[in-house]
Amino acid sequence: MSTHTDVDFDVKDPSLTRFDLVKEGARRDGVEIVHYAPRFPVPGTRAEKRVERTIAFMLVLSGLLGLGFVVAYIWWPWKYEPGNGLDKLYNPVLGITLGGSLFLLGIAIVTWAKKLLPEEVSIQERHDVADQAERALTGATILNMVDETGIKRRPLLKGALLVGAAPLGVAAAAPLVGGLIKKPDHILFETAWKPADGHKVKLTREDGSAVRPEDVSVGGQMTVYPGVPHGASNEHADSPVLLIHLREKDASELRANLKNVAVNAEDGGAIWGNFVAYSKICTHAGCPASLYEQQTNRLLCPCHQSQFHITDNARPVFGPATRRLPMLPLSVEDGVFVAKSDFRVPIGPGFWERP
Amino acid sequence: MKRRKFDVAALPAKAGGEIDDRLQVSAPLRRLFNKVFPDHWSFLLGEIALYSFIVLLLTGTFLTLWFDPSMEEVHYNGPYTPLNGIEMSRAYESSLQLSFEVRGGLIMRQMHHWAALLFMASIVVHMLRVFFTGAFRKPRELNWVIGVLLFWLGFVEGFAGYSLPDDALSGTGLRIAHAIMLSIPVVGTWVATSLFGGEFPGTVILGRLYIAHVLLVPAILLGLIAAHMGLLVKQKHTQWPGPGRSNDNVVGVRMFPGFAAKGGAFFMVVFGVIALLGGLFQINPVWLFGPYKAAVVSAASQPDWYVMFLDGSTRLMPPWEARFPLWPGHHYTLPPLFWPTVFLPGVLTMLPLFYPFIEARKFKSKQSHHLLQRPRDVPTRTSLGAMALAFYFVLMISGANDVLAEKFHISLNAMTWAGRIGLLLLPPLAYWVTYRICLGLQQHDREVLAHGMETGIIKRLPNGAFVEVHQPLSPVDAHGHPTELPYAGWVVPKKMNRIGALVPTVKGFFFPVEEAAQRTLPAEAPVSPAPSREGIGSGKH
Ligand code: HEM
Ligand code: FES
């Protein structure tokens, strides 16, 4: 920083101490050391020795712990085995040795800096006033750059540049957009329950076995999956269904309520006997709504606590969900449950195109 | 010419000379060594964020050597027998392998997760420090903006990391993220379908999140952190007002050795604490959660703490769905999920981004500020901050309202309603209370400056009245009345021992470890004249 250079200062002057040079260096950097005193003005006092010993102790202990870490890392039985073997202590031992070692090293250095380094107060000037002359010169230089290109005087080039560069910009974005963009299509409106080639899809357990009405006792429920290949896997994350066997009283309540809901009442009824099946995918944000409260006939979603009143056709009665859980139209063929058709409304969370 | 003997002691100086011959670095290097840093505990908060980020880079790189983001279905067969034969994704399997079959893999996973929590926590507390002390004012608005971006990038990075192991919690979080994308008007389904490559979950999302988590986002974070530090060095640190301190200087210690030693040591401490946490406290035991299955979720599944406020806002949102019959026979839907998870974060990004400029306009402030403000001295800002905090805490607590409801046997519905009402009532209340407290504190400062501090000594006047004797902080005038001191924006001593009226406590546990200070020596003022050079810079040239 030229502003601080002092021609009168001779760094070679033999009468100068090293600290004189330090202060001159600092001065040239805009720093004034205004207070600088040793922590222990009388060297070698008991207090000073004690601080030294404490620091040395921490450093050695840190080293020992570090060594302990390496030893434990290599020789401690680490392979996971069932039961309560020594391997369960592997992680804590690593943590204590490594953490302790680093921690002590840190504390040792902090103590060193706080207790042994000279007490210091330095003042540095701020130079944060922009130099107006420099600003004017740079401004002129920039404007001159623009003038040199002559873009203002040459409208033809201006237009040609635009025409030339714009497609290139689009070209740069094209691979990203083109590769990534995917049309939502039908996927939000269809699930694996859609009958394929006229075959209705069976309700199956996780292992793929079909479900019969006698498999679910009165008041019970069961999570079922579409009987298609990988039907229970995440490949068909939109298809899990809760099959509920209602008690007689609840079933008639539901039947009464369904009369008002055209979409589920048509087609001879979408429930079968006292059985009803609802999509398990919460209409709020897609968690599985799976906590069934028998007494109140409410299905609770654990994610944001939306509650669906099953005997009122899964109407959302509390929480942020706004739509009913879609009902899967049920039937029984050859003694096993099948879905008469796909859900009649899109399952899961809402979206813009959802009618 | 005689060959000179090889002098080891002169080697560093010689090497330094050779380097300087080629690069001329003496002056810039010394300027760096001599850079002055002010000291205050609250300036360490940002450092914690920086150091935990470094730990994240180190542990994360270790994890990449084994983690496999593949969504291919496999059957587990390994040392953790409860999951044997279970179908799971390769990503989940490789997380299990990292935990059980890689030497030191589990502590690395746990350190990585703890460091992530600490990273976000220190960013938030650091932001609060900057906000409440006015450190974001001109010329530091840009660094404030970078800080806000760092928070949100850290949020995204953490969420991506949380999703990688593909356990039950990851998948649930990811499914909600999918639903959030779907809720965006007009383009939502396109966004979700494009990012997931089709239906949820599809087979590409983990690979994409992985590259975002280990390359894209860390690279941006690194760039922004570098810019953050660069601006800090260029603009120099702010400082609290105090003796010798002004808007035109920085009072503190030089970077080397004092500041650098403390900084390096603090890194070791943060690193050590993370290692202790990672070794001793289990976090994200993915093997207990099981692999993600679309049909299975357990109650009380909680996201990491920094996501909880959005979980809370989602829970409190009333079921308000907007429907637009744009043309006959066609309805369009705006799901309620949009407001708490897209709109609210948008507002929570924009408001802080523009806050420094809004405040400068309001206070008609155009000049640069390098001195910090005590929160009590700017009641409006402090109260706005308290209001924001109250808003945040209601949301965060609501994010765990099911757990709280169960623990304290409160009905869940009551918790939700309390949250909804609290969200509207508590922030204004916090504003009002904080404003009162600020004014009260200000008034007390002014009182002490005018009349002196309370001594605890009661005097009985001739007329029988009792008064407390006050110790003035200033010289007294001819009538013995103290002259009122101006307020300097800094701590006003309010207890007698703060001005040296009592003997300082002697350190030690059971036994004194130091001699009691000699009371006869006058305490040196924080800024005193330069000392004589005897005893310190004795190394003569
Ligand atoms: C601000 C930065 C970062 C944050 C907040 C963060 C956060 C997370 C979180 C919360 C997890 C879940 C951990 C678990 O399994 O319990 C995770 C996993 C992971 N992270 Fe990071 N991370 C960061 C940076 C990095 C970097 C820089 C890398 C690599 C270069 C990395 C690599 C990984 C890998 C491979 C996993 C999966 C490991 C597993 O779950 O088994 N992370 N991250
Ligand atoms: S996902 Fe079911 S309530 Fe939010």
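Cβ atoms here come from the backbone N, Cα and C positions, even for glycine.
Pulled from TrEMBL:
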DOMAIN    A:238-339  domain 'Rieske'
TRANSMEM  A:55-78  transmembrane segment
TRANSMEM  A:90-113  transmembrane segment
TRANSMEM  A:160-181  transmembrane segment
Average the per-residue pLDDT over the domain 'Rieske' (A:238-339) and send me the rounded value. 89
Would you kindly list the residues that approach the transmembrane segment (A:90-113) from elsewhere in its chain, counting only those six or more residues past its ends and only Cβ-Cβ distances under 8 Å? 51, 54-55, 58-59, 61-63, 65-66, 68-69, 72-73, 76-78
Please work out the helix, strand and coil residue numbers for the domain 'Rieske' (A:238-339) from the DSSP assignment. 18 helix, 35 strand, 49 coil
Beyond the flanks of the transmembrane segment (A:160-181) by 6 or more, those residues with Cβ under 8 Å of it: 151
